[in-house]
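What TrEMBL annotates here:
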| type | residues | note |
| --- | --- | --- |
| REGION | 1-30 | region 'Disordered' |
| COMPBIAS | 14-30 | compositional bias 'Basic and acidic residues' |
| DOMAIN | 32-60 | domain 'DEAD-box RNA helicase Q' |
| DOMAIN | 63-242 | domain 'Helicase ATP-binding' |
| REGION | 345-403 | region 'Disordered' |
| COMPBIAS | 361-373 | compositional bias 'Basic and acidic residues' |
| REGION | 589-625 | region 'Disordered' |
| COMPBIAS | 592-609 | compositional bias 'Basic residues' |
Amino acid sequence: MKRKLDQNGIPSPHETDAQKRSRTEPRPDEDLTFAELGLDARLVQAVAEQSFLKPTLVQRQAIPLALDGKDVLCKAKTGSGKTAAYVLPLLNGILKKKKTDAMAVTSALILVPTRELADQVFKVVEQLSSFCAKDVRAVKLTDKSSDAVQRSLLSTCPDVVISTPARAWYNVKSNQATLSLEKLTHLVLDEADLLLSYGYDEDLENLSWSIPKGIQTIMMSATLTSEIDALRKIFYRDDAPTLLDLEEPDAEGEGVTQLVTRCGEDEKFLLAYIIFKLQLVKGKCIIFVGDVDRCYRLKLFFEQFGIRSCILNSELPVNSRIHVVEEFNRNVYDIIIASDEKEVLGNEERADEEKEEEDTAREQQEGDSKTDDASDAEQVTERTEKNNNTKKKKQRASKRDKEYGVSRGIDFKNVAAVINFDLPTSASSYTHRIGRTARAGKAGMALSFVVPKDLFRKHMPTSIPSAENDEKVLARITRQQAKKGKEIKPYNFNTKQVEAFRYRMNDALRAVTKVAVREARTRELRSELLKSEKLKRYFEENPTEVNHLRHDGELRTARQQSHLKHVPEYLLPKEGKKGLTAAEIGFVPLRKSGKSRTHRKGKTLKRGGRKGDPLKTFKARRKTK
């Protein structure tokens with residue numbers, strides 16, 4: 001069995017002094033600081049610059065193991081500081097190696113499933129290496145740049161390369177072999193459970209044979225699924241990694257408050273209008289919808305009432321998506337409407353569903369007579385085949401855009417609420433969606449709209465096929481959350497007060513037609529492409545000007561009615577009249593100010609008497625023949 005190589009490429013002894021200390025000494029407590037973890041002073045200074053006071057549970061447990069050169073497989077919830085937990089020891093190892101060998105080589109490869117996550121990791125590496133930027137250089141390969149540009153970036157052998165598996169393997173297998181992995185010492189797989197689910201299995205298999213043996217491998221994931229077992233067999237061939245299954249306890253009163261409300265398909269729009277127009281949710285909010293069309297339908301609906309929002313979906317250019325996330329984190333936008341069409345159902349969840357279906361079928365067979373057994377079995381078989389076909393279609397559709405993902409990995413900062421406008425199709429997807437709020441020990445709220453079976457397809461213009469299984473998915477989500485000790489509480493709106501707003505909702509919803517949605521989709525895409533491509537170089541030269549580029553402007557493809565932006569006082573609930581002032585709600589006059597609506601033909605009448613003496617201003621000209 002081969003021993004692992006240390007930072008200088010020399011086989012390490014069977015047990016280092018640090019390993020003996022970690023085996024004999026007690027685990028570090030919550031009072032431990034970053035300086036006491038044994039990190040380079042420049043890294044500790046960069047951590048202090050980012051206002052990180054103390055390491056999180058994941059960082060306290062993972063960093064010492066990684067500094068000792070051990071393979072680590074870490075499972076921790078979103079927002080627990082996993083990125084810094086592997087970036088800090090990785091940078092520390094590179095700095096330690098540079099003291100004895102300053103030759104430029106690629107020492108670390110970080111593989112991520114999406115472009116958005118690659119950009120986020122790249123920024124964390126830049127921030128934590130700000131005081132050693134001359135010694136450590138990082139490159140990300142996920143930008144839409146030409147092969148010549150990527151070759152020039154990799155020709156200088158950057159210390160850290162951040163990429164998706166597909167781009168990494170493309171640069172390894174190319175004729176010029178632009179990405180050299182011969183001197184690699186660190187490999188990181190972030191969001192490891194998604195790497196296989198996103199269709200990177202072949203790329204990962206190829207990369208595993210190109211990576212030298214004996215390097216340190218770190219895997220980070222929010223869940224431990226069958227995909228993780230498959231990756232362990234690929235990258236941990238000799239030694240079993242140190243498994244960290246960490247569940248950081250939430251402080252009392254913190255965490256996600258999970259709520260669910262049952263409503264019709266058109267009532268989703270009514271409730272969303274009331275929530276944001278009456279400011280029932282304070283702070284920033286992410287609204288998850290089922291597909292791209294729903295993004296624009298909801299945005300156009302909000303425009304009718306003067307509610308500003310921006311869109312995040314797989315159709316937008318990657319530069320625009322990254323800029324939207326950055327501006328959201330800088331509190332420029334309060335509402336993001338995100339399409340989560342990239343839902344991936346893992347093998348473990350599929351197995352659970354099949355098991356549930358078998359249990360249901362067995363109960364039906366025990367309760368029914370023998371004559372009904374055959375028909376029940378046929379129904380179960382048909383239902384299973386239908387579900388399998390749906391899953392295959394979903395998998396085929398998910399391969400269309402491999403490098404987009406919004407419900408996993410991306411760090412949305414200070415999100416007060418997550419609204420599942422369209423319920424996800426799996427319990428794991430629900431977990432990742434609500435993980436966007438209540439991060440870093442803060443409190444948050446998650447509200448889900450569920451369409452009962454008897455209300456499905458009652459309003460065809462706003463219907464979506466996935467709503468048919470909302471009750472089944474909710475039951476699965478409830479069971480999963482119950483295992484974690486979490487409860488999903490029902491939330492009931494005051495029906496009498498809600499119905500008073502229905503006529504305004506109907507007016508706005510009628511204006512948002514399919515044609516308006518299609519035109520909005522085309523206009524937004526054209527606008528974002530212009531911002532992304534034409535202005536990219538300009539914004540690189542003038543970084544301050546990018547702050548004036550906004551993504552929440554009105555699309556104006558639907559007919560707007562100005563009176564809808566004003567909430568009449570008689571519609572406000574009595575309890576909320578004191579809390580909201582007229583200035584906060586806004587006032588829109590019945591008629592537009594300024595120019596008159598009717599244009600008069602001919603000359604306008606002059607008022608105020610004569611302006612001059614006609615005897616002095618009159619001019620006579622000779623009549624020409």
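Each Cβ is built from the backbone N, Cα and C atoms, and glycine gets one as well.
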Positions whose Cβ lies under 8 angstroms from the domain 'DEAD-box RNA helicase Q' (32-60), at least six residues beyond its ends: 18, 67, 74, 76, 80-82, 84-85, 88-89, 91-92, 95-96, 127-132, 244, 246, 248
Residues in the domain 'DEAD-box RNA helicase Q' (32-60) grouped by DSSP into helix, strand and remaining coil: 16 helix, 0 strand, 13 coil
Local confidence of the domain 'Helicase ATP-binding' (63-242) - pLDDT mean: 89
